[in-house]
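Asker: Pasting a structure here, questions to come.
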Amino acid sequence: MKTTGGTDAQKRRAAAAAVEAVEDGTVVGLGTGSTTAFAIRAIGDRVADGLDVRGVPTSFAARELARECGIPVADLDEVDAIDLAVDGADQVATTDGALVKGGGAAHAREKVVDAFADRFLVVADPSKTAETLSHAVPIEVLPSARTTVSAGVSDLGGEATLRRAERKDGPVVTDNGNLVLDCEFGAMSDPESLAADLASLPGAVEHGLFVGLADAVYVGTDDGVDVTEF
Ligand SMILES: O=C(CO)[C@H](O)[C@H](O)COP(=O)(O)O
């Protein structure tokens, strides 16, 4: 379900530019995914040069990488504020910065961290941008609510598919012990209203529509970085 059309060079450029905004003495939200991994490594390089930051990881994978890169980590409930969050996306609406996230099944923790941050910077490559969001929307669900949430998605005009694990029999299980439904809605003309409808489904822990949260989007290209502020 992940969109992986961008090159590593594009992702690295976006990440490097966003990480320039990380200041000494701050708390930084650390997103999940291959693009954010470049940002975590870039922050690690700056920590090695003396930068004083604490990272709040959004997943097991982000925590492991941050530790490997020498970034001191803290849990969300150990910090009073997050100054800046850097995170990737599966699709970015160029018009207003609305996002589909959750390709790494980490969107529940990502949404808390990204929304809590004073500034949320999205790092992406050109394959992620679109005028209208149309990527499947992941919903993390309580295991027992898989069929009822699927029915709710059908009522909203979507089609839910249980995300299967790649190197394990059975479904993907999130860091929170839940399952993920990837929900196709086609082109989404009103993501904000769909987000509200999905949030109201009993048993839906969190969905991957991030509307009105991004402050800036950094898109790495072959020869630079396009930055859009929202
Ligand atoms: O939302 C996410 C994880 O839950 C990721 O940020 C999203 O899937 C993008 O990942 P990548 O940078 O590897 O394409």
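For all residues, glycine too, the Cβ spot is worked out from N, Cα and C.
TrEMBL lists E110 with the feature active site, proton acceptor. Among the features that TrEMBL reports, substrate binding site is placed at T32, G33, S34, T35, D87, G88, A89, D90, K101, G102, G103, G104, K128.
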Asker: In DSSP terms, helix, strand or coil for S34 (substrate binding site)?
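Answerer: S34 (substrate binding site) sits in a helix per DSSP.
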Asker: In angstrom units, rounded to an integer, how far apart are the Cα atoms of K128 (substrate binding site) and E110 (active site, proton acceptor)?
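Answerer: Answer for this pair: 18 Å between alpha carbons.
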Asker: I'd like to know which of the binding-site residues listed (S34, K101, G103, K128) lie near ligand 1, counting only a CB under 6 Å away.
Answerer: S34, K101, G103
Asker: Restricting to the chain of E110 (active site, proton acceptor) and a gap of 6 or more, list residues whose Cβ falls under 8 Å of its Cβ, or answer none.
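Answerer: The answer is G31, T32, T58, S59, D87, K101, G102.
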Asker: Using a 10 Å cut-off, grab the number of neighbouring Cβ atoms around the Cβ of S34 (substrate binding site), all chains included.
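Answerer: S34 (substrate binding site) is surrounded by 16 other Cβ atoms within 10 Å.
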Asker: Within 10 Å of each Cβ, count the other Cβ atoms, then let me know which of the binding-site residues K101, K128 comes out lowest.
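Answerer: Each of the binding-site residues K101, K128 was scored by Cβ atoms within 10 Å; lowest is K128.
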Asker: Can you see whether DSSP assigns D87 (substrate binding site) to helix, strand or coil?
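Answerer: The three-state answer is strand.
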Asker: Here the binding-site residues are T32, D87, A89, G103; which one has the lowest number of other Cβ atoms no more than 10 Å from its Cβ?
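Answerer: Comparing Cβ neighbours within 10 Å for the binding-site residues T32, D87, A89, G103, G103 has the fewest.
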